[in-house]
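*Asks:* The following block contains the structure, expressed as structure tokens.
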Ligand SMILES: [Zn+2]
Ligand SMILES: [Zn+2]
């Protein structure tokens, strides 16, 4: 089952050195979710062939421009492309007002419905549940209300060993075996034992998105053991003081969170426009957490191990 992220923008405040403002796509089993929507996000989606109307859920972490200024253009294009499906838009208080006012003044009546979901950013709680996935908020420590997002796969079913199955079992029995239940005859005798014809479920994978925040230990228990962590790293050690004052993190602080939370891999991003070369970010992070990598525009990064479609 596909579970990955595609980076559309890896930079902070402004466009620099080919790097765009923050935005990324989460693809879970071909359902696409957009996280943050900096200016130019729809251009990036065009570039990387991501179809706008496959997105039904957009998550905005906070209302600094580099995380949402692309939203109005994107919502307008969805309208022009004839979207009919409702769109679920999650964001901190104020987002609904901003969007509604702009469409109101331009007398734009969208041909689809936007379902605004106002987020509380002070606590962690579940905001979305699908058949296979949950999404919950992660409180972040920033200058204004801000939260990250934790995507977690639900527990999976056991996997059938086709060559060990007796012929002709009806779907109801196959489903029971996948749930770990044995198949019994009318007298209650076990006919097929689940353990003998199935493998344990694949592990449930998790992805945590944390931007923007200063070093925040409260995150550690919430993101423990996730397969992939994206954590902002606006500055290198040289500007550690500036990071603290502006409520941002250094690459090394991001790595410290990753290391203490024992995550699988760390992806850095939200770089300050003052840096042309980013190698110091990776170097400084790896001193603390070896499995640290830079994000870059257009990169698709798998979450955990790749598994077959049917699992
Ligand atoms: Zn930002
Ligand atoms: Zn910010």
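Here the Cβ of each residue, glycine as well, is placed from N, Cα and C on the backbone.
Residues annotated as active site, proton acceptor in TrEMBL: 66. Sequence annotations record features per position, and here TrEMBL assigns Zn(2+) 1 binding site to 62, 64, 142, 212. Taken from TrEMBL, the feature Zn(2+) 2 binding site applies to 66, 67, 212, 270.
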*Asks:* Need the DSSP three-state call for residue 142 (Zn(2+) 1 binding site) to compare against my parser.
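*Replies:* Assignment for residue 142 (Zn(2+) 1 binding site) reads coil.
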*Asks:* Among 62, 64, 67, 270, all listed as binding-site residues, which has the most CB atoms within 10 Å of its CB?
*Replies:* 270
*Asks:* May I ask for the distance between residue 212 (Zn(2+) 1 binding site) and residue 270 (Zn(2+) 2 binding site), taken between their Cα atoms and rounded to an integer number of Å?
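*Replies:* So the alpha carbons of residue 212 (Zn(2+) 1 binding site) and residue 270 (Zn(2+) 2 binding site) sit roughly 8 Å from each other.
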*Asks:* Listed binding-site residues are 62, 64, 142, 212; which sit with C-beta under 6 angstroms of ligand 1?
*Replies:* 64, 212
*Asks:* What is the set of residues, excluding 66, 67, 212, 270, whose C-beta falls within 8 angstroms of the centroid of the C-beta atoms at the Zn(2+) 2 site?
*Replies:* 12, 13, 21, 22, 36, 38, 61, 62, 64, 211, 232
*Asks:* Does residue 66 (active site, proton acceptor) have same-chain partners at least 6 apart in sequence with Cβ under 8 Å from its own Cβ, and which are they?
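*Replies:* Spatial neighbours, sequence-distant, of residue 66 (active site, proton acceptor): 11, 12, 13, 14, 21, 22, 38, 39.
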*Asks:* Do you know which of the recorded positions 64, 66, 212, 270 end up with C-beta under 6 Å from ligand 2?
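*Replies:* From 64, 66, 212, 270, counting a Cβ under 6 Å from ligand 2 as near, the near ones are 64, 212.
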*Asks:* Let me make sure I understand the structure: which of the binding-site residues listed (142, 212) has the fewest other Cβ atoms within 10 A of its Cβ?
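*Replies:* Across 142, 212, these binding-site residues, the one with fewest Cβ atoms within 10 Å is 142.
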*Asks:* Between residue 67 (Zn(2+) 2 binding site) and residue 142 (Zn(2+) 1 binding site), how far is it from one CA atom to the other, in Å?
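*Replies:* Pair distance, Cα basis, whole Å: 13 Å.
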*Asks:* Which chain neighbours of the Zn(2+) 1 site, leaving out 62, 64, 142, 212, have a Cβ atom within 8 Å of the mean position of the site's Cβ atoms?
*Replies:* 61, 63, 67, 140, 143, 144, 146, 211, 213, 247
*Asks:* What does DSSP say about residue 62 (Zn(2+) 1 binding site): helix, strand or coil?
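*Replies:* SS state of residue 62 (Zn(2+) 1 binding site) = coil.
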